Amino acid sequence: MWIQRGLIHSLIAPTGVQHQSVSGSVQPHYHYSLMDYFLKYFLFLCNLVFTFLGLLVFGLAIWGFISKESFAREKISSIGTDPMLILVMLGFVLTVLCLSGCVGALRENCCLLKLFSITVLALITAQVLAAIVAYSLQDQIGGYLRSGMLAAMVHYQDDLDLRFITDEIQSNLQCCGADNYRDWEINIYYNCSAPGVLACGVPATCCVDPLESGTVWNSQCGAGAQLLDEFTAQGVIFLGGCLGGISHWIEQHESLIVTVAVVVLGVQILTLLITTRLLGSIQRHKQFHYLPHTRQTWSIHQIF
């Protein structure tokens, strides 16, 4: 009889699960491997770091809104077109996503880990599709950039964010305007028909040397630059447009851009694989720890 019980017990016991004697209750166990523990805390620490990074980005964006008084009654209607809104959404999404992965890994919560993995997979898919669309529309991207640059120049004096972005592009790429320095006529303050000292001028970031004696910033160094011919203007301001400067910069750093894109995409794919492996281990642990106990005890009682 004891031999018969041992044979039946060996037949119904799942592989890789340890039990007590048949006379007592069946207690299956699934043990995590060292790799499972490593992946669990590695995923936790990585998501914790990116959670703080997301909170930092979100906090800086909110601080930018407050410093510009974007929540004031007269400005609240235009908050939807504020470039700072991109940072707010980026920080919020990054925080929520990484927090779900962080808590899910630490607490072994399958729901949070599934949410995390599905979101990462959606982001990977969106980035791949965006790259394909950008490659297929590369001939039209120049037109979109030109429209965006001209729009930023129109609102140069009215929007601090657009002014900051335009100044950074012009000073770093040593360019002026979209196609050339005369594009600044599109701005109502730099138009030659406008009153004031800015008429027929360009911003100081277009100037070759905006610093007088290397110390004092001359904000009027581009005054009247649109009236100058190219030969005379080249000693005062940058003649080339920023669209050409952006294209030249992309060509120079093409390999770096591709490398960064591949690394970022690879990290996301690796994160997805780690999450999938960890999720499978957690599900097997919960399955063997809770479900088989009642089922196998019932089966033995039915047999004997």
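The first residue you see is number 1, and the count goes up from there.
A Cβ is built for glycine as well, from the same backbone N, Cα and C atoms used for every other residue.
Some features that TrEMBL has for this protein:
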type	residues	note
TRANSMEM	41-63	transmembrane segment
TRANSMEM	84-106	transmembrane segment
TRANSMEM	112-137	transmembrane segment
DISULFID	Cys176-Cys192	disulfide bond
TRANSMEM	231-250	transmembrane segment
TRANSMEM	256-279	transmembrane segment
Practice task
Quickly jot the same-chain residues contacting the transmembrane segment (84-106) by Cβ under 8 Å, restricted to those at least six beyond its ends, or write none.
Solution key: 40-41, 43-44, 47-48, 50-51, 53-62, 64-65, 68, 70, 112-113, 115-116, 119-120, 161, 271, 275, 278
Exercise for the section: By Cβ count within 10 Å, point out the most packed of the disulfide-bonded residues listed: Cys176, Cys192. Expected result: Cys176
Problem - Chain residues in Cβ proximity to the transmembrane segment (112-137) (below 8 Å; excluding those fewer than six residues from its ends, i.e. six or more beyond) - result: 47, 97, 100-101, 103-105, 261, 265, 268-269, 271-272, 275-276, 278-279, 282
